[in-house]
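Take a look at the structure below.
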Amino acid sequence: MPAAGMNTQQDPKTDGEQPVKTSKQPYISRPSTPDDDARSVSSEGERPPLPPRPNTLSLLNDETGPRVALQAEATTAISRTDIETQYPEAAESPYSTLAVRNLARGPKARASLSQLASPRGSEAGDSASIRSSIPNGDSGDVEALFMDFAATAPGSQSQGATGLLDFPEFAADDIDDDGILSEFEAVGELNEEGDNEELLLQRWKAKRKHYVILSAAGKPIWTRHGDSGLISGYVGVIQTIISFYEEANDHLRGFSAGDTRFVVLTRGSLHLVAISRMMESDNQLRLQLEALYMQILSTLTLPSLTHLFSVRPSTDLSRPLQGSESLLSSLADSFTRGSPSTLLSALECLKIRKQHRQAINNALLKTKASSLLYGLLVAGGRLVSVVRPKKHSLHPGDLQLLFNMVFEADGVKAGGGESWIPVCLPGFNSSGYLYMYVSFLDIRDDIENSAEITKDESVAIVLISPDKEAFFEMQGMRDALVEQMERNGSLKEIKTAIDNGRPATTDIVPGTVLHHFLYKSRANVQFTMSSYAPEFSSVTRRRRLMSMYNNLHASIHAKNTHVKVHHCVSRSATSFGWVTPVFELYCIAEPNTNRNALAQSASKIAQWVQREEERLFIIGGAVF
């Protein structure tokens with residue numbers, strides 16, 4: 001029997017989902033006794049059949065007249081039972097209240113009925129092709145949309161249900177600037193005498209987050225902090241626990257030890273383990289482990305990895321991975337800092353005018369090489385334009401790997417000029433290599449040394465081909481593309497867009513109560529967000545911001561949850577989530593922010609994104 005506090009899995013179909021806890025006691029009718037059954041049978045002969053149980057949709061259909069057909073177009077109308085508010089109890093553990101009212105009548109109130117009937121809850125597929133339809137009215141429309149949410153006082157709501165996920169408050173003094181920066185510092189190495197081992201272990205234990213990869217045979221492969229010699233004892237303990245469950249034909253998914261959460265992801269002969277004392281759910285940690293696994297596949301390919309362990313289960317994989325440790329470390333550090341892209345499983349694009357993006361698309365198509373598979377123009381880690389085959393699109397996870405390799409790896413950027421790199425894109429094809437040409441562009445006249453250009457200022461052309469001999473062909477396309485963009489002014493527009501940066505919330509909605517927001521277009525699998533400055537410029541405050549987003553995202557996407565609007569109040573901030581089949585919107589404001597003002601600001605942000613959609617997102621791109 002599994003130990004207490006450990007999550008296991010028998011059915012792989014439920015991978016990545018967590019149970020929802022509730023303290024609300026259901027009403028239980030008195031069970032019938034044998035005497036009751038005897039009296040019923042003797043007096044009535046045979047027990048009449050029970051009436052059919054109404055399904056979810058019929059329960060929601062409370063109209064007395066004929067059923068009105070659902071409208072075909074998308075809407076953001078939200079039924080009033082879809083609103084959940086979460087408050088901190090005794091300033092420690094949050095709990096939620098669910099205000100239940102009669103459903104609004106009419107087709108708009110049922111915009112998300114298909115989601116209510118779905119076992120996936122509020123998680124609509126990213127392949128949806130509908131567009132958002134944001135109410136463009138005044139505050140009166142917003143009050144109608146969020147009537148109960150905006151009008152009900154916190155003290156007047158019932159407190160009969162627990163929070164969807166029980167996250168502790170992220171205290172203001174939980175970690176300081178030096179503390180978060182020390183997460184990325186090296187633990188150190190054992191000296192020849194080995195007398196500094198205790199000091200190194202203390203430094204290792206002080207880290208708030210660890211990633212460990214080991215083989216099924218228990219051999220350490222990679223760890224973010226320390227080395228295999230230093231933590232071999234801990235790796236052995238982890239392997240023993242995992243093996244205990246595997247011997248029972250079970251799969252260990254995670255367990256807790258004090259305030260530390262352990263999440264385990266098994267892929268073939270690899271065990272990937274996340275150890276975290278940060279505010280992240282199991283699903284979020286599992287997504288991070290999946291990304292690390294894809295990073296390994298990008299170096300070795302799945303057939304090579306499988307072959308190595310089939311021939312020799314005790315293979316030391318650290319040798320084949322030699323040279324890619326920096327890629328794994330930079331990817332892991334991005335998770336520790338907080339990665340909106342990983343949280344939302346989406347890409348961020350550079351905001352430029354539609355006609356300027358179209359000019360870049362035309363230049364890509366005009367200069368396309370015959371052996372080109374994908375072409376990307378990336379600025380500051382944000383996608384500017386992409387050229388692709390008509391029947392293929394790049395997986396967001398593949399693009400995250402490419403961006404990590406191009407902008408974070410020391411070798412690629414430090415080399416400057418041009419690079420030709422074999423790479424496997426697991427989302428596209430995990431069985432073979434493609435070849436990536438990378439060239440950084442110098443668009444800064446005011447910076448003489450390219451080493452001084454930061455990631456947010458870097459511009460790179462990435463061209464991918466299946467032909468390993470296509471370097472010079474890709475080089476020729478790069479030269480022709482740069483010439484075209486210089487001629488039509490595209491490089492100047494890209495520089496201007498980089499300098500403008502992300503907009504502040506007050507630039508979008510003057511006087512708004514919001515400090516930051518994340519908006520994901522589910523149809524385009526892309527997101528946009530406001531500027532971190534000035535409130536979240538430091539690494540620590542940015543980490544706290546992402547912790548609040550982690551909490552909000554995990555709560556609204558919890559298993560079997562049909563909540564479409566989620567409101568969470570803590571001592572340090574108020575967070576607000578709004579999810580529809582078309583978009584996801586997450587907002588952060590001051591604590592005790594007026595809920596009517598919060599709802600109005602969220603609606604205006606959604607309206608702004610709709611107006612700016614073709615500037616914020618790549619819709620279609622250049623297709624050949």
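The backbone N, Cα and C atoms fix where each Cβ goes, glycine too.
Curation does not apply to TrEMBL; its annotations are automatic.
Annotated features, as they stand in TrEMBL:
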COMPBIAS  1-11  compositional bias 'Polar residues'
REGION    1-63  region 'Disordered'
COMPBIAS  20-32  compositional bias 'Polar residues'
COMPBIAS  36-47  compositional bias 'Basic and acidic residues'
REGION    110-135  region 'Disordered'
DOMAIN    209-331  domain 'FUZ/MON1/HPS1 first Longin'
DOMAIN    371-482  domain 'FUZ/MON1/HPS1 second Longin'
DOMAIN    514-613  domain 'FUZ/MON1/HPS1 third Longin'
Reported in the order helix, strand, coil, what are the DSSP residue counts of the domain 'FUZ/MON1/HPS1 third Longin' (514-613)?
36 helix, 30 strand, 34 coil
Can you break down the domain 'FUZ/MON1/HPS1 second Longin' (371-482) into helix, strand and coil residue counts using DSSP?
37 helix, 34 strand, 41 coil
Stretch-averaged pLDDT - the domain 'FUZ/MON1/HPS1 first Longin' (209-331):
91
